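Chemist: Here it is, the structure in full.
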């Protein structure tokens, strides 16, 4: 199999990268009716598999789970989750031949084996669904020409997909049809019905492409969503402790600081996040973020280049074939870091203190979000896609760190995201560790910025620069569809 994206000519590549249209709510007037009366079989019962299935069943669809025979015989976690929630569970041979839509929600590294196992069992004219297009785009999986291939990609972890649905809402979602596999022209109708069944139509749906989803998703998770948070956590903790801060306080400031800071980002973008700072601190955070962008732009561009070319995917798949040696080594090294092993702080940190004492962290968030967005857009990805894969998902990832530090983040995200995170963080830490971190001033981290005087003209120009960045323009529109999403709890 060959990387699908690399088989396209330049015009086709640019066309696929640039596919992105925000769909009107009137386009979902029929909601999930196109799939009602049809049999949907989900392969895989992890976080996305279970929670999408629960939502789809509650939307009136006929849902069953196909698991490997050994998972059923040994009553593994996937079997327990499906049966405990009252779903029909059977082997591939039992359920796949009956399915009108087979939804593959297994991890990326299992996709080829799963698809090669289920494809011969699928009936003529059935549909195959994904929530991430890596198998199609990067692996280049070939699907039978009578099978329709669609994607519905919620832009949240599976648990959030369920919680927002239970509240009568949903999470922003990307949908797509594989242009090589839409023999009956029904792919978009299937994808729309599936998205509506998960509740995604209530929060906003982008009609995208498999290519645009994969390339933007990989870029976001490697850089700002995971890699920047990991690098920022390790660098900030070590800096605080080296300057005499209590390790327990330093750990809590960072562990819960990302969540607190990005909650403001979620509600009002970079503008609101920066507005939570005093005027002198805002000017300092802006200056730091510009400095960071200058230093880190080549690293962001390298990751985007390697994603576009397929270099990243080929390297990761080589590690799959080598029993994940690199991934497991990097995971072990992360677990041994000082931040991960620091004592817990019993005291309370007020919400505003996270901003006042975390000016560097605010600057890192701003720089990372803007760089990821700018790099994606300059590579042909449309602004709406770039927004969802940079700013939108960041509070959700930060929330995982608040639960159990970097360990929890790396457990919750996919192995693909985790591998990319380590690649980025392992390059970013040495890039910033010496010259940049050594140049920090008192008030950048661990203590509030001293002084109250500001230059009005400078403050005016900085405010205008923040508010006029393209991610703020598109973000204001997209956040208008998400006002009903719940607030992430912020720890004290």
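Cβ coordinates come from backbone N, Cα and C, glycine included.
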Chemist: From 217, 238, 246, 275, grab the residue that Swiss-Prot records in the same Mg(2+) 2 site as 389, 393.
Modeler: 217
Chemist: Starting from the Cβ of residue 78 (NADP(+) binding site), draw a 10 Å sphere and report how many other Cβ atoms land inside it.
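Modeler: Result for residue 78 (NADP(+) binding site): 21 neighbouring Cβ atoms inside 10 Å.
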Chemist: Measure from the Cβ of residue 68 (NADP(+) binding site) and count the other Cβ atoms within 10 Å, all protein chains considered.
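Modeler: A 10 Å sphere around the Cβ of residue 68 (NADP(+) binding site) contains 18 other Cβ atoms.
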Chemist: Restricting to the record's NADP(+)-binding residues (45, 46, 47, 48, 68, 76, 78, 108, 109, 110, 158), give me the longest CA-CA distance in Å as a whole number.
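Modeler: The two farthest binding residues have Cα atoms 21 Å apart.
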Chemist: What three-state class does DSSP give residue 221 (Mg(2+) 1 binding site)?
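Modeler: Its secondary structure by DSSP: helix.
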Chemist: Name, in the order they occur in the sequence, the residues of the same chain whose CB lies under 8 A from the CB of residue 221 (Mg(2+) 1 binding site) and which sit 6 or more residues away.
Modeler: 227, 389, 413, 414, 416, 417, 420, 421
Chemist: With DSSP helix as H/G/I and strand as E/B, how many residues of the domain 'KARI C-terminal knotted 1' (209-344) fall in helix, strand and coil?
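Modeler: Its residues fall into 114 helix, 0 strand, 22 coil.
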Chemist: Where does residue 393 (Mg(2+) 2 binding site) sit in DSSP terms: helix, strand, or coil?
Modeler: coil
Chemist: Summarise the model confidence on the domain 'KARI C-terminal knotted 2' (345-485) as a single mean pLDDT, whole number.
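Modeler: Averaged over the domain 'KARI C-terminal knotted 2' (345-485), per-residue pLDDT gives 95.
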